[in-house]
């Protein structure tokens, strides 16, 4: 394999290696896929306002998420059925996350159990959860995650039904590693579900799938420990905003009461910096993990995490920031900002 120089290059390698049905399942979005493209394009409409004349010889990227110290604000999002990408699947991803000293979120539609992932060794892991019609199924999943040492629940709230992914329809994609009936068990998630979850677990609950101020306030009011701004990788409702576009509205609504994270479209360390500048406490990456896993297994995922880390460090250095707390809104300009007035010079 020739030298990989950026995260995006793994997608083409994965496209060549994977069966078309599997690649399309991982890569595609809902309907016209406008939001899928917009998740990336929106980052390009944010420019830097770098500060110079700053000593950036020492840069600290460590941060704390729900009380857990990690090496960088880049974590792994839940993505389903990773063994379709590579035989080691979620276990390889868990080892790569642990080696990078960051957090992995395991999908409840994983092809490795919480017990198997826990057996790969130490690491901080969150468990992603859907709301099912049968509360006993939910309770059982949560109990198993707790027993396996998982540290938080990421509750996905944007799937009362699955979005229309036309590539899967064309390919007659079947979720073979999962029981087919499991999708029929999904149900609408309401604020009371967040409260109910708190009665069966002491784990902190992140609400994943928020795009508006109104829903951010609802999540906080109902006891969420954090919010993940997500449009489900543009796989649910098309023509919703890119997550980076929705981020600032959600951050303002949360009013600092809970951390807000971003999931969707992150492919560069510059993207991470932009999200932090708009108020995110960190980002989660999904497809880059799947594509690098397909291309090169655990080593691929390790390389993706390292490349994003290196790019973020370089962006911080060139922007005049030596720690994450120094990254502020003043370091970026967005296309939705009002024009900056220049100070009038005194004659």
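Using N, Cα and C of the backbone, Cβ positions are placed for all residues, glycine too.
TrEMBL has this to say about the protein:
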- 232: active site, proton acceptor (ACT_SITE)
- 25, 165, 232, 235: glyoxylate binding site (BINDING)
- 78-80, 107, 128, 130, 156, 208, 230, 263-267, 286-287: FMN binding site (BINDING)
- 1-337: domain 'FMN hydroxy acid dehydrogenase' (DOMAIN)
80, 266: which of these binding-site residues has the sparsest Cβ neighbourhood within 10 Å?
-> 80
Other residues, Cβ within 8 Å of 25, 165, 232, 235 Cβ centroid (glyoxylate site) = 28, 29, 30, 162, 163, 168, 233, 234, 236
Go through the recorded positions 25, 165, 232 and tell me which ones have a CA within 10 A of the CA of residue 264 (FMN binding site).
-> 232
Rounded mean pLDDT for the residues that make up the domain 'FMN hydroxy acid dehydrogenase' (1-337) = 95
Could you round the CA separation between residue 165 (glyoxylate binding site) and residue 232 (active site, proton acceptor) to a whole angstrom and send it over?
-> 12
Cα within 10 Å of residue 232 (active site, proton acceptor) - qualifying binding-site residues among 25, 80, 128, 156, 266 = 156
Maximum Cα-Cα separation in Å among residues 25, 165, 232, 235, which the record lists as binding glyoxylate | 13
Among the binding-site residues 78, 264, which residue has the largest number of other Cβ atoms within 10 Å of its own Cβ?
-> 264
